[in-house]
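K.L.:
TrEMBL feature annotations, pasted as is:
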type	residues	note
DOMAIN	6-444	domain 'Major facilitator superfamily (MFS) profile'
TRANSMEM	42-60	transmembrane segment
TRANSMEM	72-91	transmembrane segment
TRANSMEM	131-155	transmembrane segment
TRANSMEM	161-182	transmembrane segment
TRANSMEM	194-212	transmembrane segment
TRANSMEM	224-243	transmembrane segment
TRANSMEM	264-285	transmembrane segment
TRANSMEM	291-314	transmembrane segment
TRANSMEM	326-344	transmembrane segment
TRANSMEM	350-376	transmembrane segment
TRANSMEM	397-416	transmembrane segment
TRANSMEM	422-443	transmembrane segment
Amino acid sequence: MRQGFVLVAASLGFAVIQLDVSVVNVAIKPIGAELGGGVTALQWVVDAYTVALAALILVAGTLGDFYGAKRLFIAGFAVFVAASAGCGLAANMAELIAARAVQGIGAAALAACSLSLLHHAYTEPEPRARAVGLWAAGASTALVAGPVVGGLVIATLGWRSIFFVNVPIGAIGIWLTLSYATGSPRSRDQGLDLCGQVSAVAALTALAVATIEAGSRGMDDPVVLAGFAVALAAGAGFVVAEVRGAEPMLSLSLFRSARFGVPVAIGLLVNVAFYGLIFVLSLYFQKEQHASALWTGLAFAPMMAAIMAANLTANRLTGALGARRVLLIGTSLLAAGCLAMLGTTARTPYAALVVPLMAEGFGLGLIVPVMASVLLSGVDRSRSGRASGTLNAARQTGSVLGVALFGSLAAATGPVNGLHTALLISTGLIVAVATLGTGIPTVL
């Protein structure tokens, strides 16, 4: 029973992160109408959260190991709830953007520590894999349902309500964690590695900002070039700090293990493909099919259902077939769905896209739980925060890169041609994921 409540708390924490990634996109128009601001300001309502989340996940994982995952998870939920209330009460665009950035800080702690809580609560591989599947199902549902839920709530209660709804959810999550999660052991045998933390934050922040700004400014803009230069320099500094430091935040030797390095690489590549594709499909539905934001959200419902079904099935399939084969099935379905949509035109009926969308969703739904389970099986519980933070940092970075890259392609060539190019790139990335997957163990 205690484990079940910990699973609910961890799932709530990760679900609200995913919900706030997607739900705000539906609210952009009413936010702009009330608070004013140009396109750039509205873009940063979305991106302030994304940048903070991407930049701080890795650091949050380290802090979770150092101070205890339970403590940091509760602190992250508290910050997220307070910032959500601040978003709902914002009187102008500057206040809203600032509150969204603080939301991202809280979200980073939740993302880094939610898997760590499960790792501490479920010590046996099979129950843990089942819990990870349920955790992933909740997050996937929140992500894809965000536009639908957001559209309905905004139509009924206004845009501020999408932020206020996080307050009771957060209160429940904090109470469950306080009541049922065991105090996770702290890893004090390694220091906090301030040099590594600062360089990691600088690298991820600069990369996220440069990638986002490249979509509107162009790759040759001085701000974009400077951002990538800072990211490269800070990234090099991070590697040097971790190699030479006496107490590195993230031991790079972990990447020699297929149980660690392969899931992190898969997380990056899959998110580039999937989130970039979701963004371009949204543009296609709204600009070529002339769909409303609410209908666009509903258009992804078959994919959402398939993701949930696969998340719940992944553990059983892994037990029967092994992690490597399940990953191959997932990548095959995801690639097949992409290839099946290559003939899409502006006049393609939605019904023709349902099966490919479901194939993509089921494929992704198999990949994510397997990826997380393989990662957790390869690290000690005292390092689960760092491991979870590294995986989620890779996934979040992949999301930012995918949206920026595929969005730029769609802007340059149009939604239909951009969709075709995105589908081809996604297929190539998924083939790379399948190749990497041959390096993971069959039995966890």
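Glycine residues also receive a Cβ, built from the backbone N, Cα and C atoms like all the rest.
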K.L.:
Out of 161-182, 350-376, 397-416, which stretch has the largest tally of CB pairs under 8 angstroms to the transmembrane segment (291-314)?
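P.N.:
The stretch I would name here is 350-376.
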K.L.:
Quick one: find which recorded stretch in 131-155, 161-182, 194-212, 224-243, 326-344 has the most Cβ pairs under 8 Å with the transmembrane segment (264-285).
P.N.:
326-344
K.L.:
Applying the under-8 angstroms CB criterion, which one of 194-212, 224-243, 326-344, 350-376, 422-443 scores highest with the transmembrane segment (397-416)?
P.N.:
194-212
K.L.:
With an 8 Å cut-off on Cβ pairs and a sequence gap of 6 or more, do the transmembrane segment (161-182) and the transmembrane segment (422-443) reach 3 or more such pairs?
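P.N.:
Per Cβ check, the transmembrane segment (161-182) does not touch the transmembrane segment (422-443).
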K.L.:
Considering every residue in the domain 'Major facilitator superfamily (MFS) profile' (6-444), what is the mean pLDDT value?
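P.N.:
Reported value for the domain 'Major facilitator superfamily (MFS) profile' (6-444) is a mean pLDDT of 85.
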K.L.:
Who are the chain neighbours of the transmembrane segment (350-376) in space, where the CB to CB distance is under 8 Å and they lie at least 6 residues beyond its ends?
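P.N.:
Here the qualifying positions are 115, 118-119, 125, 128-129, 132-133, 135-137, 140, 144, 259-260, 262-264, 266-267, 270, 274, 277, 289, 299-300, 302-311, 313-315, 317-318, 323, 326-327, 329-338, 340-341, 344, 384, 387-388, 391, 433, 440-441, 444.
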K.L.:
Does the chain bring the transmembrane segment (194-212) near the transmembrane segment (326-344), so that three or more CB pairs sit under 8 Å (pairs 6 or more apart in sequence)?
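P.N.:
Touching, no - the transmembrane segment (194-212) and the transmembrane segment (326-344) miss the threshold of 3 or more Cβ pairs under 8 Å.
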K.L.:
Six or more residues beyond either end and a Cβ under 8 Å away: which residues meet both conditions relative to the transmembrane segment (42-60)?
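P.N.:
Contacts of the transmembrane segment (42-60) (Cβ under 8 Å, skipping residues fewer than 6 from its ends): 17, 20-21, 24-25, 28, 31-32, 72, 76, 93, 96-98, 100-105, 107-109, 111-113, 197, 200-201, 204-205, 207-209, 212, 216, 249-250, 385-386, 389-390, 392-393, 396-397, 399-400.
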K.L.:
Do any residues of this chain, six or more beyond the ends of the transmembrane segment (224-243), have a C-beta under 8 angstroms from a C-beta of it, and if so which?
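P.N.:
Tertiary neighbours of the transmembrane segment (224-243) are 193, 195-196, 199-200, 202-204, 206-207, 209-211, 213-214, 217-218, 249-252.
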K.L.:
Which bits of the chain, at least 6 residues beyond where the transmembrane segment (131-155) starts or stops, bring a Cβ under 8 A of a Cβ in it?
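P.N.:
Hits for the transmembrane segment (131-155): 3, 7, 10-12, 14-27, 30, 114-115, 118, 121-122, 161-162, 165, 282, 292-294, 296-298, 300-301, 303-304, 307-308, 311-315, 361, 364-365, 368-369, 372-373, 376.
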K.L.:
Take the transmembrane segment (326-344) and find every residue of the same chain, 6 or more past its ends, with a Cβ under 8 Å from one of its Cβ atoms.
P.N.:
266, 273-274, 277, 284, 310, 314, 317-318, 352-353, 355-367, 370-371, 416, 419-420, 423-424, 426-427, 430-431, 433-434, 437, 440
